[in-house]
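Asks: Questions regarding the structure given below will be posed in turn.
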Amino acid sequence: MASPVTAQLLPLALLLHAAAAAGPSPFRLSPVRVEGRLGQRVELQCEVLLSSAAPGCTWLFQKNEPAARPIFLAYLSRSRTKLAEELDPKQISGQRIQDTLYSLTLHRFRKEEEGYYFCSVVSNSVLYFSAFVPVFLPVKPTTTPAPRPPTQAPITTSQRVSLRPGTCQPSAGSTVEASGLDLSCDIYIWAPLAGTCAFLLLSLVITVICNHRNRRRVCKCPRPVVRAGGKPSPSERYV
């Protein structure tokens, strides 16, 4: 494992080297991208093209996570090979193949080893970093479900029905016949008509009753006849 000072300086060195990375790369990486599989053997190679580079190459790893920092994996030189303390040599190993060609091998690729691998060298007191080599598992294809056809809500008796004649339609599931009554439509025509007739009949009954009570009674008895003397006869006083 790298020291705390190295862990802090590596991100700064990567930023300072960003301008130089725009020019010709001093490294040749193979392969440039890996789509690994669980348990598969993955081998990465880094060839240093700088003639003035110091002997030795460092392999680094960075996870695909926010605020991830480079992690030291191995240092390879002509005289020695040094792995990070927590690494298992049976899982990750490195070697110097030629004078300027170095390799890093993941013997059994695991999910936690997904990320970016790169190498670095020192030349004339300048630290150079290679481009990232992404190593990831295959992306599972996402199947988009087919859109469901729109379904029409069934008509129920609880739904409000417009009383306008123009919107009167046959009920769901019923067949339209040339003759006969369709109660789902005719009821909205006969109900107002029956209500109007009932109102008129009730008004007529009330009018008849009121006129019968207020009618003046007419006396059918003959009135007494007044004679010339001005007094009616005793027999004519009473009717």
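We count from 1, first residue shown onward.
Heads up, the Cβ atoms here are built off N, Cα and C, so glycines get one too.
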Asks: Among C46, C185, C197, which cysteine is annotated in Swiss-Prot as forming a disulphide with C119?
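Replies: Candidates were C46, C185, C197; Swiss-Prot matches C119 with C46.
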Asks: What does the structure give for the C-alpha distance between C46 (disulfide bond) and C210 (S-palmitoyl cysteine)? Integer Å is fine.
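Replies: Pair distance, Cα basis, whole Å: 117 Å.
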Asks: DSSP secondary structure for C119 (disulfide bond), reduced to helix/strand/coil, please.
Replies: strand
Asks: Just to be sure I understand the packing, how many Cβ atoms besides its own are within 10 Å of the Cβ of C119 (disulfide bond)?
Replies: 26
Asks: Between C210 (S-palmitoyl cysteine) and C119 (disulfide bond), what is the CA-CA distance rounded to a whole number of Å?
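Replies: One finds 114 Å between the Cα atoms of these residues.
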